[in-house]
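Shown next, in structure tokens, is the structure this report addresses.
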Amino acid sequence: MREHQLDGLRAFALLSVFYSHFWQESSNLGHLGVRFFFVLSGFLITNILLDVKGHDNHTAGITVFFARRAARIWPPYFLTLGFCWLAAGPLRLPMMQESLPWHALFLSNIWYATHGSEPWALGHLWTLAVEEQFYLIWPFVILALPSRHFLKLCGALVSCTVLYRVCAFALGKVDEANALPFDSIDALAAGAALSFLSAEGWSAPRWLLWLSVPVGLAGSIMQIAFDLGNLVQWVVLEAALVLPLAAIVAVASKGQFLKILANRSLSGLGRISYGAYLFHLPVWAVLFALSARFGVGDFFSRGPLTMLVAGSLSVLTALVSWIMVERPVMAWSKRLTSRLAAA
């Protein structure tokens, strides 16, 4: 039930990204979905690393962690890069050649912060770059830090993120700062703190759900429906919404959230959400190229049709990738590292 509900949350986060990209660009739902992904990632990765810390052979545990993360993330990621590189001409993707080394080294966020929005079909990879940069540092932080200081560190990281946003706002660099890893540390740290509390035996009470959902909805509606300006929206609400997002993850992680999250279709979508997220903009680029080729112009510009067609094709591509690439590679990696994990 716990895994199914967390997968259900992933599905909602994915659909919110689809809505913002395919249908309503001005909506902040996609950004909230990305923040949800970061909270979930901080929670799940810290959960794995706390388990590693509980064993004697930290070297083996960290090796297994990196090997399995690579097996999970790299195959569909580099397939996507390879496709976009080969098809850059037909898909009309400017600056693909120049940006490829940055994407290959998981520095997409640095590229987009310093070079603008092209190639647009890989613009979403900034989030994966942030996650990979987090993976490189966080394991060693957890192993080196005494447990009694863990929550203090998470609180300090959240505070530093708010200060970072204030400075970026004051300097007029909000767009550039948004892609850099410092802007997402609060969500990752909130998920990490939640994982630590869970490992210490803390269980989210039911009232937290009933409080977090309306607070989260109210904050989301404010972000979506009103132009509050960068100061309120990016500095105040961005930090405030981390708490209800983390609270929802806390309740779902115990299998106590809405039963709809455990629905087979929804949890199944959440299970392949990484691939669907990875492929969705390249799929849209293909649709754009086809519409131009057949002379139908902006047939696949933003709207409900694009949401339906591009979203469905993205999910279908992700399902094929899951069956033929991701799941077999993950199973192979698990077999390969199982002895080391038991050490």
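Glycine residues also receive a Cβ, built from the backbone N, Cα and C atoms like all the rest.
Of the candidate ranges 150-171, 304-325, TrEMBL annotates residues 304-325 with the feature transmembrane segment. Per TrEMBL, the stretch carrying the note transmembrane segment among 32-52, 179-199 is 32-52. The transmembrane segment (73-93) and the transmembrane segment (304-325) are in contact, since at least 3 Cβ pairs between them lie under 8 Å (pairs 6 or more apart in sequence).
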